[in-house]
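Remarks on the structure that follows.
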Amino acid sequence: MAIREILVVPHPALKQVSQPVEKVDDELRALMDDMLETMYAAPGIGLAAIQIGVPKRVIVMDLAREGEEKQPRYFVNPEILWASDDTAPYEEGCLSVPEYYDEVERPARVKLRYLNYQGEQVEEDAEGLFAVCIQHEMDHLEGVLFIDHLSRLKREQAIKKVKKHAKAA
């Protein structure tokens, strides 16, 4: 396993649409292991493959609270089968937009279909933080960042803040 570099805005790869995965094999599992290690090291709760420059429809996530046992999750070729009409606001952040947080309104519940770490198809309902996080990460697969849901002014402020933060580092 290896920690990979996380791309930050305005890196052009983050606007790229990720491609479906043909099969879950040892090579893909090695990528997912690297992604998980990278996410934990950041630290974060979710990471899409494109955030480390790999344009594949793969997401890793762990929503365990600090001090709890880790609960890694893997989502290959995830798709939303259904989304609730009711929405919920949630303050989001992103490893590709460091040190910036803002409220985004998303469907409160979704039904997902994806392949897991073993390549088995799973259907699952998501709500709360899980629903927010999976929608946020799935946006990455379409080349969309959470700041793209904000006004142009807020988006520009976020990018400016990230650039300023990068210069200071």
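Glycine is no exception: its Cβ is also placed from the backbone N, Cα and C atoms.
Keep in mind the model is a prediction, meaning the values are calculated, not measured.
Annotated features, as they stand in Swiss-Prot:
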- Glu137: active site (ACT_SITE)
- Cys94, His136, His140: Fe cation binding site (BINDING)
* Structure fact -> Cβ proximity for His136 (Fe cation binding site), under 8 A, sequence spacing 6+, ordered by residue number, returns Gly46, Glu92, Cys94, Val104, Arg106, Phe146
* **Shell list (Fe cation; ref centroid = CB of Cys94, His136, His140; cutoff 8 A)** => Gly46, Ala48, Gln51, Glu92, Leu95, Ser96, Glu137, Asp139, Leu145, Phe146
* Asked: Helix, strand or coil at Glu137 (active site), per DSSP?
  -> helix
* Asked: If you count the C-beta atoms lying within 10 Å of each candidate's C-beta, which of the binding-site residues Cys94, His140 ends up with the smallest number?
  -> His140
* Asked: If you count Cβ atoms within 10 Å of the Cβ of the residue listed as 'active site', leaving out that atom itself, what do you get?
  -> 23
* Asked: Any idea what DSSP makes of Cys94 (Fe cation binding site), helix, strand or coil?
  -> strand
